[in-house]
C-alpha cells in the first residue's frame, strides 16, 4: 500500500467552490486535483493500492481532511474539474455534520471520506499504524538509495508544509528523501515516486 499526505495550506474548506476559478478563489484547489489525478490514474486503469489524504487549511473552517481510497473510488475521472466536484461533495458532507460526527471518517461518495483532522494528528495516526514516514524534500537522501517500506509520503503544496511542521517531522524522525536537485511540482513528485516503486516492484518479481 502506498499512502500520501498532502498539506494544502490555502485550499478552501467550504463547499462554495467556483469550478471556473480553482487556482484563485479556491486556494490552489487545482494543485490538489492534479495530485489526486497523479496519485491514482493510469492510462486505462486506476491504482487500487493507493490512499491519498489531503489536509485543507484554507478558510473558512480548517482543518478538514479528505481521504481518497483507490480500491473504492467510482465515477472519478482524471480531469481537475471532475475531481473538484467530488471534493465539493466531500466538503458539503462535512458541513452537514455536527462537530462530534466530524471526529470520525464520513463517506461522501464511494471511496472518498471526510473528517476533522489536522496534519500532525494524521501523521501520528499513521505512526501508530506502523507506517514509515517519508518527507519529500529536495535536500533529502536520493530516493534511489533508500529502501522504502510501508510508506506514507509527505508532500507540501506551492508554499511547502511550513517550518513548524518541518520541525515536527524532524522530531518524529521522518526520513527526508529527494527526487531531484530541483524544486518540483507536488503532482510531479507523486508521479516520480510511483515510477521508482513500480520499477522496484518489477525487479522483485
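Cβ from N, Cα, C; glycine included.
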The S-adenosyl-L-methionine site in Swiss-Prot lists 156, 179, 180, 181, 182, 183, 184, 189. Which one of 124, 127, 136 belongs there according to the record? 136
Cβ contacts of residue 181 (S-adenosyl-L-methionine binding site) (under 8 Å, same chain, 6 or more positions away): 138
Suppose we draw a 10 Å sphere around the Cβ of residue 189 (S-adenosyl-L-methionine binding site). How many other Cβ atoms does it contain, all chains included? 22
List every residue in the same chain as residue 183 (S-adenosyl-L-methionine binding site), at least 6 positions away in sequence, whose Cβ is under 8 Å from its Cβ. 138
Given a separation of at least six residues and a C-beta threshold under 8 Å, show me what packs close to residue 179 (S-adenosyl-L-methionine binding site) in the same chain. 136, 138, 143, 189, 192, 193
